[in-house]
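Structure first, then comments.
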Amino acid sequence: MTSLPSSVIKWRFFRRQMPSDVVFSLCLLCFASCLAGKITVLADSDKSVLLRFKKTVSDPGSILASWVEESEDYCSWFGVSCDSSSRVMALNISGSGSSEISRNRFTCGDIGKFPLYGFGVRRDCTGNHGALAGNLPSVIMSLTGLRVLSLPFNSFSGEIPVGIWGMEKLEVLDLEGNLMTGSLPDQFTGLRNLRVMNLGFNRVSGEIPNSLQNLTKLEILNLGGNKLNGTVPGFVGRFRVLHLPLNWLQGSLPKDIGDSCGKLEHLDLSGNFLTGRIPESLGKCAGLRSLLLYMNTLEETIPLEFGSLQKLEVLDVSRNTLSGPLPVELGNCSSLSVLVLSNLYNVYEDINSVRGEADLPPGADLTSMTEDFNFYQGGIPEEITRLPKLKILWVPRATLEGRFPGDWGSCQNLEMVNLGQNFFKGEIPVGLSKCKNLRLLDLSSNRLTGELLKEISVPCMSVFDVGGNSLSGVIPDFLNNTTSHCPPVVYFDRFSIESYSDPSSVYLSFFTEKAQVGTSLIDLGSDGGPAVFHNFADNNFTGTLKSIPLAQERLGKRVSYIFSAGGNRLYGQFPGNLFDNCDELKAVYVNVSFNKLSGRIPQGLNNMCTSLKILDASVNQIFGPIPTSLGDLASLVALNLSWNQLQGQIPGSLGKKMAALTYLSIANNNLTGQIPQSFGQLHSLDVLDLSSNHLSGGIPHDFVNLKNLTVLLLNNNNLSGPIPSGFATFAVFNVSSNNLSGPVPSTNGLTKCSTVSGNPYLRPCHVFSLTTPSSDSRDSTGDSITQDYASSPVENAPSQSPGKGGFNSLEIASIASASAIVSVLIALVILFFYTRKWHPKSKIMATTKREVTMFMDIGVPITFDNVVRATGNFNASNLIGNGGFGATYKAEISQDVVVAIKRLSIGRFQGVQQFHAEIKTLGRLRHPNLVTLIGYHASETEMFLVYNYLPGGNLEKFIQERSTRDWRVLHKIALDIARALAYLHDQCVPRVLHRDVKPSNILLDDDCNAYLSDFGLARLLGTSETHATTGVAGTFGYVAPEYAMTCRVSDKADVYSYGVVLLELLSDKKALDPSFVSYGNGFNIVQWACMLLRQGRAKEFFTAGLWDAGPHDDLVEVLHLAVVCTVDSLSTRPTMKQVVRRLKQLQPPSC
């Protein structure tokens, strides 16, 4: 056989038929070999990308210490996760945001400052250390297999690299809490698989782009805490979770926001500048679980359509400008557990520390952003109180009225109810006593009557507050009626992570903390730990006090306890049994002031309650000596035993062990002897009030070592010797009406002469004027609001020639008179040019905008033209008043329709825009004893307010003419004004300080009903709430002494002014009556009242005929009340709520 060529043999071999499985295996092997090679190359590339990333960023905390070239297993590096092919699929590096080089103002720990932020996206901050910084490296885009990019709470800055928007496989983009700037792109080239985008708390600006709706798989979007502006787009309802809080979003919400919201579960639009109505279409979002719209300026009513939200668990619409009745349909939200319709606590109170004023949009006002409030009509439908899953019902200070809800269903889940500071009437229903899981019940400052139910689980409640009502009967012995087990005391730890799958737990802890530290007695924040607060104050409770209503489970060294029952009619012996179990608590605060308690302070109080921090038993009838054992209460911070009948000497033990004592007042008692030298050891003391006793001896020289002392009141005693020199500057200082001698030392040149008057042996008080009178420091009558101060005998002594004496009294008087005339002339010249420069011309300029904004309908239209016409172009013939803010004119708009027009002095105001913002708040205020603000006009050349017209004139005229001596009429006037001020102070958000309470600002109708006018106008002048930056801060004679010393005003300054008005109403004297001249310089009606009371001559104070006609005891009680309102110590002055309560207790019977 002939052999074949070798080449042919080879071909034939390869041409032989091979089995198909062998062919497939060979092909697969070849493909795998090629793929493995490629994967190896890609994996090596991922490692190099990570190393380049590390090289690019700043890492002062060595977070990336494990990322080293020598390590082959880069998939085990910190923050790196890989798939089965060793491709990097996740980069998850959470920083603390608190490294030393970090410029980031929002750290992971700062989440605790915004407890309601981030449902569905909240994270645990524990275990995070350090922070990466620098620009976000664009090399990260080379990780083409990356599905999760999570770098929250670092300090990355600059714009987000453009390439990130094109990463096709990325599912999670989390850059929360960095410093990223720039805006979101108009178009996204990738991100088709993105499910989560979290850019919260960066500095991203611009508008929300429509291109976001192209990311069809996006479910969770968090853009909160940025600088996004523009409006909320309609497509945002397509996401499952949407967070846009704390941005610059403005305008109305789109009406169609709920048209495509089938997946929406969480929607947070809080802390923006949204206006207009809440869209009804949100009622179509059937899967919605939480809806947070708080802290905007949304208007009108809550949509009825919300009743369709069967899965809704949390609804918070607080701090808006909503109105109207609460919809009954909310009772259909069967899953609702948290309902917040108003809220006095600012959830974003720490916004300044994170964002600052500079981060607000142009023209925005942070104050107005946090001061809006809702004012509803009617009451709470019982369909809401019967909701089966309701845990929190929070509607304080929302102008709700009517009968208190009686049907609370089974209330098995109910834990918090806050309906305080409304206008509910009636009794506390039996149904509430069945709510055994209640841990907070606040019904304070309503108009509730009847007796307290002993079945209410008060001993188990962390907060129980019924203060400021008209409840009567005894305070029950709740302990004998508590059978159920108490839930644990909740304390909010702002740095811990809560279960954010249950938003109600966040609200529970947040409100618990706020309610505890927001008590009127003390801020417990410095002590920390849980607290229990039980408030029965300012009611009509009688009887004796039992043991503190605190369950056994509540006792423990971690718990602080506050008990307040002041302002009632409690009687009996000093309640020593109240301090049982006191030593089983961390700290105890007790207020039983303004009652009728008698007897002695128990000698063993120090052994009963070593944890006592505050004891206020002022304004009672306690007698006997002060126990020496009180000095052993080393934890005591404040002790107030003023206005009692204590006798004997002040024990020296009070100053030896009480190192923590900051406040001590034992004024207005019958104490004798000397001031203990041991008081010089009270180095923490801030306030010392020993006034109006019978103390003798000298002022201890060691007082000059009390560097923290700001208030020293020793007036109205029998002290002798010199006034020690070397005192620190006092906010309040008074040693008048003693027997002191020697020179008057200057306390940094600011000792008022009136504070040392009534000491016949003191050298004459040399006077200088603290301020030069100007147009801004004059009241409506032209009285200059200046004060006389003692000058230093050295610094202010006139130069004397050798051998010559000083100026004689006649020369001094002549110089003083000449100086006064010159000052007045200068003031008149300044006033002339000021008015020439700023005040509008008498005729209305043609360019004035003619819009009049109305807050209510009075049946006839009020226009700019008919106001000008009705006032005769503001003619003097229609002038009915002239004050510091402008002139007031009577205007008959049409037949039987008369209004009062207050034409404002434009030169005083900061601008029309601010005026519009401020007047909006005043226009909402409604109270039976406030002059009603009907409308206003404001332009660059003209401003006026429209008020209801009151034909009875003002109280100043009433007192001068002494129109009546009927005690019932006088009492009603006093009560009317007290109610108006209490409303401004305690039921307005923000609270309104009047700053100029005086008879001419109190108007009367024909039936002698009283109305307070000019409220809120001081704020319109552009002054802050606590600092008076212009002269409009009161009228001389009515100004509180602390304002003269510190230029600070508060609600207690209004209380002082009210007390002066009340004294005028009771007497026939003015605040600075000419008849007081004989008593010396600076003597006023307050000092006159104190003098007569101290001398037992109260009868002489009252106007002729009033004493004979009125009940003597009640008249003296009201006189005492007026004097307490005018004491120098702010903490001793009552609140206006307490004044109202006391006047109601002294109300004379009607005919």
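Glycine is no exception: its Cβ is also placed from the backbone N, Cα and C atoms.
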* **Among ASN481, ASN875, residue with annotation N-linked glycosylation site (source: Swiss-Prot)** => ASN481
* Asked: According to Swiss-Prot, which residue among ASN480, ASN718 is annotated as N-linked glycosylation site?
  -> ASN718
* Asked: ASN229 (N-linked glycosylation site): which of the binding-site residues ILE880, ASN882, GLY886, THR888 is the nearest Cα neighbour?
  -> GLY886
* Asked: Which whole-number value in Å describes the distance between the Cα atoms of ILE880 (ATP binding site) and ASN591 (N-linked glycosylation site)?
  -> 47
* To do: Take the repeat 'LRR 11' (411-435) and count its residues per DSSP category (helix H/G/I, strand E/B, coil), listing them in that order.
  => 5 helix, 7 strand, 13 coil
* Which ones in the same chain are close to THR888 (ATP binding site), with CB under 8 Å and 6+ residues apart in sequence? -> LEU879, ILE880, GLY881, ASN882, ALA900, ILE901, LYS902, ARG903
* What residues in the same chain, six or more past the boundaries of the repeat 'LRR 5' (216-241), come closer than 8 Å to it by Cβ-Cβ distance? -> 106, 117-121, 176, 191-208, 210, 247-254, 256-261, 263-269, 274, 285, 354-355, 359, 361
* Asked: Cα-Cα separation of ASN591 (N-linked glycosylation site) and ASN332 (N-linked glycosylation site), in Å?
  -> 43
* All-chain count of other Cβ atoms within 10 Å of ASN214 (N-linked glycosylation site) -> 13
* Structure fact -> Three-class DSSP assignment, GLY886 (ATP binding site), comes back as strand
* **Chain residues in Cβ proximity to the repeat 'LRR 19' (658-681) (below 8 Å; excluding those fewer than six residues from its ends, i.e. six or more beyond)** => 618, 626, 631, 633-652, 687-703, 705-706, 708, 713-714, 719, 1127, 1129, 1131-1132
* Asked: If you draw a 10 Å sphere around the Cβ of ASN739 (N-linked glycosylation site), how many other Cβ atoms fall inside it, taking every protein chain shown into account?
  -> 15
* Asked: Taking just the CA atoms, what is the gap between ASN92 (N-linked glycosylation site) and GLY886 (ATP binding site) in Å?
  -> 65
